[in-house]
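Annotated features in TrEMBL:
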type	residues	note
REGION	1-51	region 'Disordered'
COMPBIAS	1-15	compositional bias 'Low complexity'
DOMAIN	91-263	domain 'Yip1'
TRANSMEM	110-131	transmembrane segment
TRANSMEM	151-175	transmembrane segment
TRANSMEM	187-212	transmembrane segment
TRANSMEM	218-240	transmembrane segment
TRANSMEM	247-271	transmembrane segment
Amino acid sequence: EFDDAANLLAANPDATTISIEEPAEIPRNQHGRRQEPGREEDDELLGTSDSDKTELLAGQKKSAPFWTFEYYQTFFDVDTYQVLDRIKGSVFPVPGKNFVRLYIRSNPDLYGPFWICATLVFTIAVSGNLSNFFIHLGKPTYHYVPEFRKVSIAATTIYAYAWLVPLALWGFLMWRNSKVMNIVSYSFLEIVCVYGYSLFIYIPTAILWIIPQKVVRWVLMIFSLCLSGSVLVMTFWPAVRDDNRRIALATVGAIVLLHALLAVGCLAYFFDAPEVDFPAPLVPAHNATTLITKVT
């Protein structure tokens, strides 16, 4: 073998040779900055590592024009297992885990958020009517009338929250990203997906709000608010914490405040509305002259 190698080198002196005794050097991190302690874990949670970029580029598909049906079909390209997995992740948040990184980034969808919001609209409207019926049940002066306007009010409130708040947050993150290099901007579809799945916990909560006990209702509301709010905080706090401290805290505080206003507003308007005093039915009075005539 050595003779063959010598003959080959004699025939081609310019050939490149490799020595097996010298281990190949592993290229070091070629980024311009040194990795800070704990930053690697943060990058992994935020999805900014090189492995994420490679994974996303490898699975990237050619997008269709926005005026075609195929373009919008990609937003609903999920199966039942993915939707159930994301619902489970929103109901049982894991501390230190990013919801976008774990469930959304591989394939953000609008199927789950759309149907979760639609189900929540009808659940709140129907449960609110049933709650009003049970509160006044047994009163002789009460006549039940279904309030269909609650459906339109609930739909306007919930869909406006699920679309306008993510739009404002997405614009804010894009603006801060242009000023602070370490700010991570999620896509608008990812933010809508997070907000939509975070509302799922209110569906069973709205059903339990039928219980005619104010204390039970408010305890359920606080519990649901803590679960769904923690999903939002754990998702967006890693994206803004490299910003100015006050701006980061104000951003997270605004997210939690708007989420709390939605929960408190739905409970107060649809379930804890002040009771209306129903007027007693008018009984026609008898003519006095007729009574006297009957006595005589």
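Every residue gets a Cβ built from N, Cα and C, even glycine.
TrEMBL annotations: computationally assigned, not manually curated.
Within the model, the domain 'Yip1' (91-263) carries an average pLDDT of 88. Away from its own ends, the transmembrane segment (187-212) comes close to residues 75, 86-87, 89-91, 99-100, 103-105, 108-110, 112-114, 116-117, 119-120, 123-124, 127, 130-131, 134-135, 158, 161-163, 165-167, 169-170, 220-221, 223-224, 227-228, 231-232, 235, 259, 263, 266-267, 270-271 of its chain (Cβ-Cβ under 8 Å, at least six residues beyond either end). Counting residues 6+ beyond its ends, the transmembrane segment (247-271) has Cβ neighbours under 8 Å at 124-125, 127-128, 131, 150, 153-154, 157-158, 161, 165, 169, 172, 176, 198, 202, 206, 209, 217-218, 221, 224-225, 228-229, 232-233, 236-237, 240-241 in the same chain.
When Cβ-Cβ distances below 8 Å are used as the criterion, the transmembrane segment (218-240) is approached by residues 42, 45-46, 89-91, 93, 95-100, 169, 173, 176, 183-186, 194-195, 197-199, 201-202, 205, 208-209, 247-248, 251-252, 255-256, 259-260, 263-264, 267 of the same chain, each at least six residues removed from its ends.
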